[in-house]
Amino acid sequence: MTRMKNSSSNVTSASGSGSGSGGFVQPLPASLLQPICHPRVTEVTSEVNDYFLTHWDFPSEKLRKKFVAADFPGVTCLYFPNALDDRISFACRLLTVLFLIDDLLEFMSLEQGSAYNEKLIPISRGDVLPDRSVPVEYITYDLWESMRGHDRSMANEILEPVFVFMRAQTDRTRIRPMGLGSYLEYRERDVGKALLAALMRFSMALHVSPVELTILGEIDVNCSKHLSVINDVYSYEKELRASKTAHAEGGALCTSVRILADEMAISIEAAKRVLVFMCREWELRHQVLVEELRADGRQSASLTAYVKGLEFQMSGNEEWSKTTLRYNNVV
């Protein structure tokens, strides 16, 4: 495995909005978690990027460069550093196509976006053949067929979480006023936590029983909050730009940063700082919950691997969010 130089292990301090530090002007507490990257990251990134540059219909050379700079395979390799070598490419391709679709949805109404995603659902199941002249259709179909060819049972376990995520993307909840608590409940679906958990299990060939998943419920929810809020903190400038340039519904600003700033009557930068402190508390909470699981004698080998995988998702998400050019308007 490739251990990342842990930029989270030092106190973060930066000034200026969109500088890669979320616009912070004061030191932030260090993360308790250490990111690790999959050892095949360089090879897989090249393979996956080349595939999408060949098959996806990018409207311009600028957008092709922006796609490469976003480094979607890189974040997948940070999410799942313990993925099997013959499965990490599947995970990279799935998250990449979902990111690309997410960008398209910003320029659609919620109704248009819902129709777009709903058309892809039976294609993903293999119930409907794709239109080979439409890249998103055949990319989606071919990916799911190849995943099922590799491990039909575990691939099919990812389907429903993906559909929940896709429907959350166009849920009208996102354009309604929300408090922080209800927002985090919505984001558990929109950030794709169940999707990431199922994809982690597939990528690691990690078999966890339904009973064990129930035991992990609170740990999963805690992780979801961390993923959602870190994403919000570092993507705020990107989402703000989208709210001004994209569709009024698809690009609507839906973020814990704005919600907390409005509720507490504090600045955006102050809201970001408070949210990062909250994430550090969720990291502590994760450690407490894992220790309770161990103390109760309920932590099997599969559960140990699962909860460690959640740590890598949290640390990997933060590492990528702080460095990706997707959130820093360089390209």
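Backbone N, Cα and C atoms are what each Cβ position is placed from, and that goes for glycine too.
Annotation source Swiss-Prot lists Mg(2+) 2 binding site at ASP102, citing similarity to another entry. Residues annotated as compositional bias 'Low complexity' in Swiss-Prot: 7-16. Look at Swiss-Prot and you will find 1-22 tagged as region 'Disordered'. Residues or ranges marked as motif 'DDxx(x)D/E motif' by Swiss-Prot on the basis of a curator's inference: 102-106. Residues or ranges marked as motif 'NDxxSxxxD/E motif' in Swiss-Prot (evidence: a curator's inference): 231-239.
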Would you identify the secondary structure of the residue listed as 'Mg(2+) 2 binding site' according to DSSP, in three states?
helix
From the DSSP assignment alone, can you count helix, strand and coil residues within the motif 'NDxxSxxxD/E motif' (231-239)?
9 helix, 0 strand, 0 coil
Taking only same-chain residues 6+ apart in sequence, whose CB is under 8 Å from that of the residue listed as 'Mg(2+) 2 binding site', what do you get?
GLN169
Restricting attention to the motif 'NDxxSxxxD/E motif' (231-239), give the mean pLDDT.
94
